[in-house]
Amino acid sequence: MTNLILEWPTYILSGRMPPEALAATQKRVSDPASILQLEDAIGLIPEEEPEAQVFRSASIHEPSVEIWSAGHVEALCDDSQDATHIVIVVLDVSCDEAAQPAQYSGTLMIRDPRAGCANVFAPGLPYGRPFEFVPRPGAYICYPAWLRCAVLPVSPDHKVRLLRAKLVVKQSPPQLDREPSPPPSPASEYERDQKGRPQTRIGVLVGRILKALRVESISADVTRLQIGLMCIGLASDAFRYAFAWWVLKINGSVVEFGSLLAAMTFAQTISTLGVGALGDMWNPMKVLRAAVCLQGATIAILATWAGFGQYHFPLAMFLSIILSLFVGTIEPLTNVAIASVAPTGQVTRVMAQRAAIASGTKLLGPLLAGAMVSLFGAPGTLLAAAAFAGASSLIFVPLRSDNENLANRNGAMPLLSSWARKTVAGIQTFYQVKVDFYFCVMTCMANFALPAFFLVALPYLVIHVLQLPASTLGILDGFFCAGMFVGGTRTVMWLNRRIGKQHAVSLSMALLAVMIFSFTLTRHPAVMGGALFIGGMFMLTIFVNIGGLRAVATPKHYRTRMFAVASFLVSLSIAPGIAFVTFTTERAGIDLSLGSIAGICILSAAAIYFIPNSRKVLEMTEHDAENAYQRLYPAAFLKPDTP
């Protein structure tokens, strides 16, 4: 597996070899002189990465096998005048299981030698930070020889065997800090997908739409997943508006409608926790398709009933609960699907795009749903919601997820018993992975404040304090959704590159606090809209970075349960936040209520710096973060069905 690190203006080729390629290299190093080209050392370079093709003809010089044992350390080396790149391939690593090596034992720190780079913004380094290469079996790196490399001290009982060589590239790799090449034409970019296969007319149209929206199509499977998830969002909006219109217009009882909403919320929260074990026992993509299909079937039954049947509260309650059980499973399964479909090293980026598209759906979905209710009535809109869900299920059909890392299933154990054991094991594991548990507590603090702000504080401020029309509330929400779209498409990745993920999460949380607190200082609608736009831009940084880390760092056979438990805990924080803001607004006024939830966000922004291992895991590249939780907390990931 070869990956291209694009954070630097000069490309760094980095990745991890598959087991068969590593075994071949381990045999080949018995005679280092036989290693003549880069592919002899790291295996084949994928054809779909044109920027890496210049390394195919590169020749290797002076290959040697080195062993780094306890106490080995290297200072910043000088550049090699007779080479364009330096190649390092980790052959094997050994350590004492009873005494794990230190955190940065044997880590390569690659730095930019240009003057002042450690302290200022400079091309080539994201905010002066070095590039870290952690030695693991099969890991390799090929970096330009003009950079400087240091090796941190190797701890006792830790030994690394590696191949180091010089590389001469005949054709210079493309440089991002030089004159950029002209952008490809729309036809050449979208008539073929990233694997070189011809696209259909629909694929070309979708690609051009994404380009117009400044959303880059990462791969065909990612685009298909995003479109399917967008259909799910439209189905949810259409159902919510049509169901409320149908129940309130037919019955007119606010108490019954509130009871239905309370039951649906409770069922959705419980199913979020329960789906974790199912997603790890079976293929999560198939579980997602089944959940979406059953959601559409249930909405279709409601649509038929709304069109031809008579309203009965008990039946409405039953179908609403059944529907919510399916809806609650979608969120954790969506995150797992993104981790399965996204290319290696692109999970955070795909999650950011997903959040941006979801924000656009939240902005346009209610408008579309309201128009459909006006034109087709509740039954027709419910039928359209079922059609959106069915279309989403069909779109997901070609998507595949690997089965090799599913949790072990004991054939003799009843399904219910196995599900219960795995659910309990997932909760225990989530608590034992302390860094992710504390991340979840931090996001719970944010979720305690934000839904209450939008559901209680902002409507109260607009309607009762400012006495503005209800349309103002929709406009302000639109500003926030527009900010989320910009944040998902641009701000998240840019901020991560500039200041690192830990600082980006803390800064974003602090800016949310400033956004909320600014409403106590000014009541001007234009300023309020600007504050909401900026808050939306930075809000996604929190959830995308933490969700992306959870998706990569969690072993695949625990991934759905980790997301399910996190979603369950975060959803539990919404109701107390709403109750708190309602109580403080009634007792002490809106300003004190806003100041209180802004203070909670400030506490959350500071808390990330006190979470153990938070900087370590957040500053890893996605390649190094793969299964990082299992390395940090090996005792947490035991086989759930093993006595």
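Any Cβ shown, glycine's included, is placed from N, Cα and C.
Here's what TrEMBL has on this protein:
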REGION    171-197  region 'Disordered'
TRANSMEM  227-248  transmembrane segment
TRANSMEM  260-278  transmembrane segment
TRANSMEM  290-308  transmembrane segment
TRANSMEM  314-334  transmembrane segment
TRANSMEM  382-399  transmembrane segment
TRANSMEM  437-461  transmembrane segment
TRANSMEM  473-492  transmembrane segment
TRANSMEM  504-521  transmembrane segment
TRANSMEM  527-551  transmembrane segment
TRANSMEM  563-583  transmembrane segment
TRANSMEM  589-611  transmembrane segment
Among 527-551, 563-583, 589-611, stretch most in contact with the transmembrane segment (437-461) (C-beta, under 8 angstroms): 563-583
Stretch-level contact, the transmembrane segment (227-248) and the transmembrane segment (314-334), CB cutoff 8 A, at least 3 pairs: yes
Contact set, same chain, for the transmembrane segment (260-278): CB under 8 Å, 6 or more residues outside the stretch: 247, 287, 291, 316-317, 320-321, 323-329, 331-333, 407, 418-420, 422-423, 426, 560-565, 567-568, 571-572
Positions whose Cβ lies under 8 angstroms from the transmembrane segment (314-334), at least six residues beyond its ends: 229, 232, 236, 239, 243, 247, 259-260, 263-265, 267-272, 274-276, 278-279, 284, 287-288, 291-292, 294-295, 298-299, 301-302, 305, 354, 560, 563-564, 566-567
